[in-house]
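A short write-up of the structure that comes next.
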Ligand SMILES: *Cc1c(COP(=O)(O)O)cnc(C)c1O
């Protein structure tokens with residue numbers, strides 16, 4: 001049975017990448033060693049990490065005045081590292097667009113010396129849209145404005161990046177990095193856990209503008225962007241195998257035609273599913289049309305029992321991980337870059353069949 005993996009993360013990876021990793025698994029480039037067995041200071045691994053960075057820079061057109069860091073601790077550690085490095089005894093602005101924003105806000109408050117201000121929120125509408133941010137809402141003395149560009153759980157995404165004047169924008173881009181047409185120059189920091197759209201879990205990518213390094217004394221070297229940048233992500237042992245897989249994913253994306261091509265594919269895939277939801281008399285999207293994510297698409301029948309029936313039958317038919325997040329219920333299809341269009345077509349066909357069989361319930 002063909003299996004389609006709709007997981008929100010850790011998520012589907014490109015088959016050619018997995019196959020290349022398999023073919024090199026026990027003997028990387030004739031070394032007689034696996035990538036997992038290489039010293040992180042070896043020339044073979046040095047070539048991997050440098051090439052991964054080079055390719056990511058090319059893909060995202062990252063300007064030279066930004067550092068690319070390969071760290072650990074997940075996007076969740078960035079919730080603390082950002083305020084620790086940027087906003088001690090200062091004000092930090094947040095937009096609350098769902099569970100991950102809330103966690104970022106909570107972590108900044110937890111530090112104790114950051115004045116956290118939530119300037120906009122869609123909480124009272126179950127986070128079903130991205131609130132509008134206008135320049136007058138941004139205190140120009142704030143250390144940064146934090147946004148979550150794609151809200152993995154509720155399925156919303158920013159279609160354009162707010163104008164924050166001189167206040168750097170910090171973006172949690174975990175679930176739509178490499179699946180958007182944002183401009184890196186609009187951000188002070190971009191961070192993303194790799195396990196959604198980049199590679200395996202264990203790696204966190206941070207893209208940070210030079211002037212945001214070393215603003216404060218951070219007495220924890222591992223948590224100091226400046227230390228990590230000065231060491232080129234090799235302050236300690238980085239997640240070497242995850243970086244290697246990320247390198248292969250970046251190469252795969254470039255060979256496909258880079259971001260313009262993958263974005264076209266992502267739009268086509270998402271459109272297929274949104275069209276099916278629009279057309280259906282059974283399924284609806286809880287998300288306001290102007291805020292809909294390309295990468296995470298929730299849908300519901302409006303009847304929890306029917307949702308459950310759908311999920312049971314979908315799973316039996318090879319649609320893995322379609323069940324919505326426990327906080328939202330229903331279904332959620334995560335259509336990251338590596339997710340094949342055939343899988344969306346198969347899901348749409350399955351939804352039509354289910355609706356015929358159950359529409360009258
Ligand atoms: C998954 C996710 C996180 C959490 O990432 P970890 O790497 O598990 O810490 C944070 N933010 C967003 C938007 C996510 O999708």
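The count begins at 1 with the first shown residue.
Heads up, the Cβ atoms here are built off N, Cα and C, so glycines get one too.
TrEMBL names 75, 76, 100, 152, 172, 236, 237 as pyridoxal 5'-phosphate ligands; from the candidate set 88, 195, 254, the record adds 195 to that same site. Residues from the binding-site residues list (41, 76, 236, 237) with a C-beta closer than 6 Å to any atom of ligand 1: 76.
Counted over all residue pairs in 75, 76, 100, 152, 172, 195, 236, 237, the record's binders of pyridoxal 5'-phosphate, the longest Cα to Cα distance measures 30 angstrom. Most Cβ neighbours within 10 Å among the recorded positions 41, 196: this distinction goes to 196. Calculated from their C-alpha atoms, the gap between residue 75 (pyridoxal 5'-phosphate binding site) and residue 196 (N6-(pyridoxal phosphate)lysine) amounts to 11 Å. Neighbour list (residue 172 (pyridoxal 5'-phosphate binding site), Cβ cut-off 8 Å, at least 6 residues apart, same chain): 75, 78, 79, 100, 101, 104, 146, 147, 148, 149, 191, 192. Taking Cα separation as the measure, residue 41 (L-glutamate binding site) is nearest to 237 of the recorded positions 76, 152, 195, 196, 237. Of the listed binding-site residues, namely 195, 237, the sparsest Cβ surroundings within 10 Å are found at 237.
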